[in-house]
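J.: Here's the feature list from Swiss-Prot:
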- Arg11: site 'Important for substrate specificity' (SITE)
- Asp68: active site, proton acceptor (ACT_SITE)
- Thr69: site 'Important for substrate specificity' (SITE)
- Gln153: site 'Important for substrate specificity' (SITE)
Amino acid sequence: MNIILASASPRRKEILENTNVRFDIIKNEIDEIILEGETPKHLVMRLAFEKSMSVASEHNEDVVIGADTVVVLDNAILGKPKDESCARDMLKRLSGREHQVITGISLINLCEDKKVIDYVISNVKFKTLSEQDIEDYLKTNESFDKAGAYGIQGYGALLVEEIRGDYFNIVGLPISRLGDLLKKYFSINLFYGV
């Protein structure tokens with residue numbers, strides 16, 4: 001049984017590489033749309049499941065991991081900004097405020113008929129940002145492929161006042177919860193590998 005990460009995210013790859021488990025990466029191909037009335041928790045769990053299922057259908061003997069992360073402020077989902085103006089607006093909205101980062105994770109092994117879906121929530125409080133802080137951060141080009149227009153593992157850490165919860169969840173893969181689920185449902189220990 002192999003592990004496959006159904007993600008093109010370099011951050012998720014790096015987090016999983018810090019364990020002793022061997023894995024392959026296969027990029028998933030799904031449309032990340034929000035369904036009408038869908039809550040952020042349901043959205044990330046559904047998208048994580050769709051990502052893992054899109055790969056598991058052709059790799060049914062493997063454990064396929066899917067993940068999806070969103071930033072939530074005032075019950076509004078902040079996805080990846082489409083352009084610099086959108087990123088600027090997101091950072092202004094986040095300035096001085098606390099928001100949630102929610103990551104859905106899905107583990108599927110079709111051969112054993114196992115499907116596990118979960119989510120993790122972390123809270124992040126931003127410093128009060130000046131216009132110059134926002135412009136300086138935008139110049140780093142970190143905003144454009146990240147939910148909420150920032151990456152805490154890079155220069156985005158300079159925007160953050162406080163976090164509560166799993167740091168790796170904020171980066172995009174809650175490795176502690178993932179390790180618990182792999183051990184409980186698939187007898188895979190991230191300390192030792194498969």
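Just so it is clear, glycine is given a Cβ too, placed from its N, Cα and C backbone atoms.
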J.: Would you kindly give the Cα-Cα distance separating Gln153 (site 'Important for substrate specificity') and Thr69 (site 'Important for substrate specificity'), rounded to the nearest Å?
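T.: Roughly 15 Å, rounded to the nearest whole number.
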J.: Taking DSSP as the reference, which of helix, strand or coil describes Arg11 (site 'Important for substrate specificity')?
T.: helix
J.: If you run the three-state DSSP split on Thr69 (site 'Important for substrate specificity'), which class comes out?
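T.: Thr69 (site 'Important for substrate specificity') sits in a strand per DSSP.
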J.: Sorry to bug you, but what's the C-alpha spacing from Arg11 (site 'Important for substrate specificity') to Gln153 (site 'Important for substrate specificity'), rounded to the closest Å?
T.: 9
J.: Whole-number answer please: how many Å between the C-alpha atoms of Asp68 (active site, proton acceptor) and Arg11 (site 'Important for substrate specificity')?
T.: 12
J.: Please name the residue among the recorded sites Thr69, Gln153 whose C-beta has the most neighbouring C-beta atoms within 10 angstroms.
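T.: Sorting the candidates by Cβ neighbours within 10 Å, the top entry is Thr69.
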J.: For a quick check of understanding: among the recorded positions Arg11, Asp68, which residue's Cβ has the most other Cβ atoms within 10 Å?
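T.: The residue with the most neighbouring Cβ atoms within 10 Å is Asp68.
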